[in-house]
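K.L.:
My structure is below; once you've seen it, I'll send some questions.
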Amino acid sequence: MRLVYKLLFWGLLLGASATSQAALNEEQLSRYVAPPMELGTKDNVLPVWQVLNSGGALAGYIFETRELTPIPGFSGTPMNLLVTIDTNGSFIDVNVLDQNEPVFVSGLGARPFHEFVSQYRGHSLASNIKVLPASAEKPSDSESGANTYIDGVTKATASVRIANETILASALKVAREKLANIAPKAARRPRQALFEPMQWQQLIDAGLIKNLHLNNRDLERAFYGTQFSTDDMEARQNPDALYLDLWIADLGVPSVARNILLPETLNTLQGQLADNEEPLLILANGRHQLVAQDFVRNSVPDHMGIMQQGFPISLRDADAEMAFLPTIPEFDQKMIIRVDTRYGFDPSSPWDFIIKALRKHGSFRPEIGSQDFKLTHKLDERYFEDLQENTQNFPYWLLPWVEKKVAISLLLLFLGLLSYYLYNHRQTITGPQRLAPVRFSLLIVTLIYVGWLEQGQLSIVTLLGFIRAIFQTHNFSFLLYDPISLVLWLYVLASLFIWGRGTFCGWLCPFGALQEFAHQLGQKLGIKEINLPHSTTQKLGLVKYAVLSVLVGSVFISPALSDKLVEVEPFKTAITLTFERAWPYVLYALICLFASMVIFKGYCRFLCPLGAALALGGKLRLWDWLVRRDECGTPCKLCSVTCRYDAIERQSGTIKYDDCFQCLECIEIYDDENRCVPLVQESKRREKVTFNQSLH
């Protein structure tokens, strides 16, 4: 064990001197500029280079994202992409220079990532680029109005989300500084100290509420001359009937919010918003539907958008419950949207609310046509004040937490249930005929829900990324992009102090659950189990610590080698990618599972580096929570012989928590009067005493 600590120490020491990849020089950059364009000079302020056209005039800019927005990926280091944009804010090209995303290094391979970034070519920063889940169907109008959709990558949702944030954030930073006509400048914020009591009509007269009124004739006029002009029979038959009566109000302005919403609603809303989110109220009557029938609350509405100075502003449904003051008119449709201010949205400057009207043409696989209607919003300057510098710090990681809130709630419920069972294990689990069904049920949830559905398999990759971040990037935000895994990590870290490493390894590891089911299958198939000698298991148990030491050292000696060595974990193949991978990786994962049929959970016990790391962390455990008797070990050895993890000392009966997976089978024996030898002897003693007393 001393050797293990020495190897870990030297690995961390080497990390202190690790350096990041240098930026491309002029000659290297010029290779990415396609003729007839050529590389110009480097900017004096930003780490960007000019791109010149054939006449020597400015045509755009080329830059590395790591120099501008170093958002860490899941390896703990930022991906580095080379982005080229023109003077109109359109992407000329995006190239991958460097990335260590586990799923793209040896999982799916790098090709899907290169194909993903190639989709940005030709798209404009002003088109509000959004990444669709790989399984989602791209809308027919995938580039019209306020939105542009690009395809995600299956099994790599979080990684492509980080890539999209990286590309857009760096390009927007350049646009703000170099393309004044592309992006708005610094924002102002509503003046919170200013409140003027007003009724509904007074709000309208003061210009604090904006209205767009459309009848069917307006709709027909918009589609006139297109192939969709005759596809709305109701509009043709009733041209003067109402199509949409739309009202927009900025709830960030106290004179608006406090004159419309009940105090309870306003307080709840303010508690739900991030510091730099601007809430907008949308009210509507008419047959136009603000959102699609399959719209999911808290997501991005596809039929609306916001543009400011020709630039798209990100928005999202606030999923807010609304209650209005009695003086507010009734509306058929109402919603509150949250405006993402990280792109420099200025509520005091004019902005346009875009509403999209859709029509279908044809009955079989109909074509979708759309027309945009615009409502301009501008309030008096006196309702706003200058925004203090450095107050706009929208968290990039917030989006997946919002999208996963239901999954997170279910996970917390599951963890709470598991905690209850473990804390009260002698009352809830280890009674006769209870342990097996309860354990089976919880492991099924771990494998199917936590592992395959929510991609919550914890991995040594995250731990190595954390170590790398300590010595290189000093940025740990990459952990926040995967809320399911982070919640699990926090729970597992807390459990180390209470129960030790076995909480994760025995109950929350999806691959561990899969191994256990494989072992049960092997027993049903009649495969003979091999029980290794105690001395052999003790020696093999040290292998996982050596594997951990090599991995930690490789992070700093050769990151590329580290990315390959982490494949000692079959988790990515069996859980993350559900065996959809190159055959050598699938074969290795299957070998690990077959081995567990013969040697119970052999990979977990002898090879798993994550298990080794958690075993070391488990030394922080504050107490020995699994009960023992004085007779355990000597003379009774039933539990030590029965323990499939060989985690009980033969002579003393002491539990070796470094090797214990908390299966609780020993506790089941402990409380079983028909199996626990001391209890059986005590029962016989009582029977003998009772019998002797009956004779007298």
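Glycine is no exception: its Cβ is also placed from the backbone N, Cα and C atoms.
Sharing the feature lines straight out of TrEMBL:
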- 623-653: domain '4Fe-4S ferredoxin-type' (DOMAIN)
- 1-22: signal peptide (SIGNAL)
- 406-423: transmembrane segment (TRANSMEM)
- 435-453: transmembrane segment (TRANSMEM)
- 478-499: transmembrane segment (TRANSMEM)
- 542-562: transmembrane segment (TRANSMEM)
- 582-600: transmembrane segment (TRANSMEM)
K.L.:
What else in the chain is close to the transmembrane segment (582-600), if you only count residues 6 or more beyond its ends and a Cβ gap under 8 Å?
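P.N.:
Distant Cβ neighbours of the transmembrane segment (582-600) are 106, 109, 514-516, 518-519, 521-522, 525, 527-530, 532, 567, 570, 572-574, 644-645.
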K.L.:
Mind pulling out the one from 406-423, 478-499, 542-562 with the most Cβ pairs under 8 angstroms to the transmembrane segment (435-453)?
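P.N.:
The stretch with the most contacts is 406-423.
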K.L.:
Restricting to the domain '4Fe-4S ferredoxin-type' (623-653), what is the model's mean pLDDT?
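P.N.:
Looking only at the domain '4Fe-4S ferredoxin-type' (623-653), pLDDT averages out to 88.
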K.L.:
Any residues 6+ beyond the ends of the transmembrane segment (478-499) with a Cβ under 8 Å from its own?
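P.N.:
Here the qualifying positions are 71-76, 158, 161-162, 395-397, 400-401, 404, 407-408, 411-412, 415, 422, 450, 454-456, 458, 462, 465-466, 469, 508, 614, 617-618, 620-622, 625, 662.
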